[in-house]
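Report on the structure given below.
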Amino acid sequence: MKVAKFGGSSMASASQLIKVGDIIKDDASRKFIVVSAPGKRFKEDTKMTDLLIDLGTAYLQQTNFAEQFEAIMQRFTEIVTELELPDTLLDEFTESLKRVQELSDNEASLMDAVKAIGEDSSAKMLSAYLNKIGINSSYINPQEAGLILSDEPGNAQILPDSFDKIRMLRERDGVLVIPGFFGYTEEGKLVTFSRGGSDITGSLIAAGVEAEIYENFTDVDSVFTVNPSFVSNPKTITKLTYKEMRELSYAGFSVFHDEALIPAYHAKIPVAIKNTNNPLAKGTLIVAERELNGRVVTGIASDTGFCSLYVSKYLMNREIGFGRKLLNIFEDEGVSFEHAPSGIDNMSVIFRERNLPRDKERIILERIKNELHPDTVSITRGIAIIMVVGEGLVNSIGVANRATEAFTKANVNIEMINQGSSEVSMMFGIQAADLKRAIRSLYELYFMEEDALVRSGS
Ligand SMILES: Nc1ncnc2c1ncn2[C@@H]1O[C@H](COP(=O)(O)OP(=O)(O)O)[C@@H](O)[C@H]1O
Ligand SMILES: N[C@@H](CC(=O)OP(=O)(O)O)C(=O)O
């Protein structure tokens with residue numbers, strides 16, 4: 001039995017839902033279907049989830065609620081009408097949108113309840129459409145499916161008891177259509193995962209039902225070696241390991257949510273990335289182990305929105321507890337960090353800028369000065385990270401050299417280097433303004449020049 005997840009791009013319009021129906025019809029083992037809310041139909045379009053966030057905001061701020069309501073209903077109406085689905089679906093969606101005005105939870109919980117309407121409605125439309133084309137299908141609410149999550153609105157996590165309940169879905173007849181992105185706390189409150197979280201639902205269902213494969217349908221033929229917005233027509237990746245994909249998606253390969261790999265990884269379920277618009281394309285397979293194909297680097301990912309805190313103190317290496325005290329300050333202030341590369345007399349700590357607001361920055365700098373008495377302490381914002389990832393990295397000499405050569409060629413200054421202890425990745429911090437140049441240069445070196453050398457036999 002397979003789990004197939006269809007992302008926002010696959011659910012964006014009636015014509016996309018028809019393709020989804022064809023894909024499900026084509027393979028009877030696609031029994032568990034997880035769907036996102038309608039995504040963008042074209043580049044400048046707005047995702048349903050963003051329309052819903054605007055609706056929630058309009059309600060909270062008592063502004064243009066009616067206008068947002070209209071925009072959302074128009075998109076649902078288009079899909080329902082074009083697919084000739086029952087009008088009762090539209091009545092249901094109208095009711096759930098109206099109920100937003102009765103919600104009295106705190107702001108974060110209210111927003112979660114509003115956002116979930118996108119996925120919930122998507123699942124109801126697809127299930128109705130599948131029945132219409134002769135596939136016996138049921139809509140399954142995530143509570144019924146057994147998705148019990150932690151009480152962290154907008155950033156929930158699965159609770160271990162869920163899996164036994166999810167497993168029972170195997171006994172159900174027909175195709176089951178489950179909305180992605182949300183679940184319920186033990187107390188029955190609706191909570192969502194972080195943005196892009198339908199990938200996580202798909203992986204959890206795959207782990208719970210012990211699927212033979214988790215197919216993740218999106219709008220690209222495969223995972224590319226580099227984000228296609230930086231390099232046109234980049235080389236594709238046909239197979240990569242969970243470890244590689246986890247690092248790549250953490251650092252910006254937005255095609256798959258970085259938290260979505262863990263459940264599939266633990267349950268040893270292969271993940272296939274496939275294209276709804278071209279389902280016969282081979283796609284990309286994510287597995288536990290793969291043969292090394294001679295290529296050292298599998299992919300180069302990058303992300304912006306980081307900042308780096310630098311602390312130096314002469315003889316830091318001899319001061320027992322320095323690192324602990326430093327990290328303790330962040331813990332006290334409720335600030336999570338991403339990386340902490342260190343030298344003999346210095347230490348950097350890398351944060352996502354959104355986790356270190358200016359008021360926290362002031363408090364933290366003050367505390368470091370008063371409690372740790374460093375020689376210098378400073379924060380640099382506007383940092384981008386680049387992650388060079390590959391299982392082959394561990395046994396190769398000169399990978400870092402090649403990277404620095406690429407940065408030099410592109411005239412990009414490296415602010416920080418960190419060889420991850422997982423040994424499948426190497427991370428560089430640079431100024432965000434230099435990102436495009438740096439990525440193109442790295443791609444040229446690792447993928448174009450190395451291939452040319454292999455082809456010429458040298
Ligand atoms: N390395 C990469 N390989 C493939 N796609 C990538 C990569 N990095 C970023 N992307 C982007 O991810 C997009 C697909 O993810 P997403 O928009 O979340 O899809 P969906 O709506 O199907 O969930 C692609 O259209 C592409 O622009
Ligand atoms: N609709 C949600 C969840 C999701 O996974 O969407 P998508 O499949 O379009 O990335 C979001 O936009 O965050």
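Indices start at 1 and increase along the chain as displayed.
Cβ atoms here come from the backbone N, Cα and C positions, even for glycine.
No curator has checked TrEMBL annotations; they are predicted automatically.
As recorded in TrEMBL, the features of this protein are as follows:
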BINDING   K5, F6, G7, G8, T218, D219  ATP binding site
BINDING   T49, E119  substrate binding site
DOMAIN    388-457  domain 'ACT'
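This view paints the features noted in TrEMBL onto the structure.
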residue	record	Cβ within 10 Å
K5	ATP binding site	28
F6	ATP binding site	29
G7	ATP binding site	24
G8	ATP binding site	26
T49	substrate binding site	24
E119	substrate binding site	29
T218	ATP binding site	24
D219	ATP binding site	17
Here the Cα-Cα span from K5 (ATP binding site) to E119 (substrate binding site), rounded to a whole number of angstrom, reaches 12
What binding-site residues in G7, G8, T49, T218, D219 place CB under 6 Å from ligand 2?
G7, G8, T49
Which numbers of helix, strand and coil residues does DSSP report for the domain 'ACT' (388-457)?
41 helix, 13 strand, 16 coil
Measuring Cα to Cα, how far is G8 (ATP binding site) from E119 (substrate binding site) in Å?
9
May I ask for the distance between E119 (substrate binding site) and G7 (ATP binding site), taken between their Cα atoms and rounded to an integer number of Å?
10
I'd like to know which of the binding-site residues listed (K5, F6, G7, G8, T218, D219) lie near ligand 1, counting only a CB under 6 Å away.
G7, G8, T218, D219
Give me the CA-CA distance between G7 (ATP binding site) and T49 (substrate binding site), in Å, as a whole number.
12
Quick note, T218 (ATP binding site) and T49 (substrate binding site): C-alpha atoms separated, nearest Å, by 17
Inside 8 A of the center formed by the CB atoms of K5, F6, G7, G8, T218, D219, which other residues of the chain have their CB, for the recorded ATP site?
S9, S10, M11, S36, G39, S198, N216, F217, T276
How far apart, in angstrom, are the most distant Cα atoms among the ATP-binding residues K5, F6, G7, G8, T218, D219?
12
Cα distance (Å, whole number) from T49 (substrate binding site) to F6 (ATP binding site)
15
